[in-house]
Amino acid sequence: MNIIEVANYEEMSRASADFILKKIKGSEKVTLGLATGGTPLGTYQELVKDHKENETSYDHVHTYNLDEYVGLTPDDQESYHAYMCEHLFHPVNLPLEQTNIPNGAAPELLQECLRYDMLIESIGGVDLQLLGIGENGHIGFNEPGTLFSTSTHVVDLTPSTLEANAKYFKDPSKQPTQAITMGIATILKSKEILLLASGERKQEALFHLLRGEVTESVPASALNMHDRVTIIADSQALKLVNSLGK
Ligand code: F6R
């Protein structure tokens, strides 16, 4: 695992955008797995800034998001569809027909999971998967205890995830309690993985990922089974690793 320590969120975002831009500029066709939440926002802002300054083209980029809330339609302002359109797809002119996000409002959720998993299988896994990490060690919405063999599935979000994400909902009573997420096996099919972590709240999760055992009670620990993982984390997120882990 390649670990890049940076000073803060801004540096993490710049380093991660540079990493992604190398992929985008280095190939004729690129498939990117994308995450939502607070962590990648700065990265997307950097990509938008680069697009404005350098006119980087996204015509050859195809994207596959990790997850979506169950019950939210793509046009719901609090859906991950809306988040991606606002923060990345529209500002960099990424053709929307090249973007893929699970449909949390699909009438048959199990069928939707199967469709999404087969889509990723059909491209042989994404070229680069961007990940954040939950305070409880989740990746995507694979909560602790999820089997490493899982493909795309519907999850019940844990109380700790609901609490951590409540800040993203104007009306907390409208916060969905379930999500569709790529499974751990789906994520591990990616050819390369980039995990970002910033802030003290992530220090325990990173400690378990980097210094703990590989165990289903820490979903992110599955990344130890992949041979091309880069972690860009700031000093706050690496605090526990640096104080106890050496
Ligand atoms: C988001 C996702 C989640 C987040 C994680 C961290 O698509 O899959 O695993 O990456 O919950 O969220 P933030 O970045 O808001 O701390």
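Backbone N, Cα and C atoms are what each Cβ position is placed from, and that goes for glycine too.
Since we're looking at a predicted model, the values are computed, not measured.
What TrEMBL records for D67 (among others) is active site, proton acceptor. The Cβ of D67 (active site, proton acceptor) lies under 8 Å from the Cβ of T36, Y80, P102, G140, F141, A179, I180, T181, M182, each of which sits 6+ residues away along the same chain.
In the three-state DSSP reading, N136 (active site, for ring-opening step) counts as coil. Sequence annotations record features per position, and here TrEMBL assigns active site, for ring-opening step to N136 (among others).
Contacts of H138 (active site, proton acceptor) defined by a Cβ separation under 8 A and a same-chain sequence distance of 6+ are given as P144, T161, P219, A220, in order along the sequence. As annotated by TrEMBL, active site, proton acceptor applies to H138 (among others).
The active site, for ring-opening step annotation in TrEMBL covers E143 (among others). Its Cβ placed at the centre, E143 (active site, for ring-opening step) has 21 other Cβ atoms within 10 Å.
Per TrEMBL, the feature domain 'Glucosamine/galactosamine-6-phosphate isomerase' maps to 11-228.
The Cβ of N136 (active site, for ring-opening step) lies under 8 Å from the Cβ of E143, P144, T158, S160, T161, A205, each of which sits 6+ residues away along the same chain. Checking the active-site residues D67, N136, E143 against ligand 1, the ones whose Cβ sits under 6 Å from it are D67.
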